[in-house]
């Protein structure tokens, strides 16, 4: 502060006990004080008068200007000199992304992905039964396979979506996370989705021109509709035996025979031949389809009982139906072992026997550890059965 020259009168005013003059050359907003170390410092004090007002205005303007300039600089330029996104734009991008992610998640749950995976794997598996040599795996085969899988998946989404439309109140008890039951989808949205997917399925089947493929889609449509829709003489899911027969017809018969014939007769232009592996696949999946039809109702016994769905689980009890399902699957694996033992191909015999022995052992071990009083444990085991279903379709093309 060497440049600042103070008058003696001012310095004497700063001494303790000295009278302080009211008129001096410093602005009223400043005063000279002696701090604890004996140094002279300035402090801002609010006094009255026009001089204070103008100085205060100046400091307020300077502070505001600095803040605005600093904020503008931070939001417009980053460390590398690139322009940054403004806060509203970043917020809008995050909101859009969250909306898209939420929509995809809702559709994922609406499509019942475990059934979608099962449908795709089953069609690929039985289509490979028509392959007689590596030369058959050609662009022609892959195109025909893709047409069948896509058309079937569209129909699969129609069937599971229609079932949810007529089970909204039941699903609020049994499956409250499904989009229609939770309110994420309105019934009008559900109707629009199933209508569009049914139309796309039939449109693709008609465009391909394969009679086995089109009849597979049509029969699946009729049985899926009769299973769920609440009309007189329909809604066959209310009757345990009829419901099981619907699932068996689609999963065990239509999928195996129709899609095999689609590849065999339409794609390869060969005569229809029901080979030994095809007969085994149809028989094995008959057992498996019955198990799926029975087991899917075990976790849902509470809602089914409230709304009058007379499933086997409601009539016989969860524990009895659970062990019936396990017994049926073990019988199916026994038949598969017999099939493998009678195979003329050594590699097929080895894979079939080893694979089904392992699956049968895992099934029995897991079944014994299930807590039948826990809905979560039963549901988890039901999804495990679907994994066994997938594994079987990986083994079926190796059965020769």
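Residue positions begin at 1 at the first shown residue.
Backbone N, Cα and C define each Cβ position, glycine as well.
Per TrEMBL, the features are:
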- 116-134: transmembrane segment (TRANSMEM)
- 140-166: transmembrane segment (TRANSMEM)
- 187-207: transmembrane segment (TRANSMEM)
- 213-233: transmembrane segment (TRANSMEM)
- 240-261: transmembrane segment (TRANSMEM)
- 273-295: transmembrane segment (TRANSMEM)
- 321-340: transmembrane segment (TRANSMEM)
- 376-396: transmembrane segment (TRANSMEM)
Proximity of the transmembrane segment (213-233) to the transmembrane segment (140-166), 3+ C-beta pairs under 8 angstroms:
yes
Can you tell me which parts of the same chain pack against the transmembrane segment (116-134), counting only residues 6+ beyond its ends and a CB-CB cutoff under 8 A?
141, 144-145, 148-149, 152-153, 156-157, 251, 255-256, 259-260, 262-264, 267-268, 270, 275, 277-278, 281, 285, 386, 389-390, 393-394, 396-397
Selected stretch (most C-beta pairs under 8 A with the transmembrane segment (273-295)) from 187-207, 240-261, 376-396:
240-261
Can you work out which residues elsewhere in the same chain, 6+ from the ends of the transmembrane segment (376-396), have a Cβ less than 8 Å from its Cβ atoms?
114, 117-118, 121-122, 124-126, 129, 277, 280-281, 284-285, 288, 291-292, 295-296, 298-299, 318, 322, 325, 329, 336, 351-352, 355-356, 359, 362-363, 366-367, 370
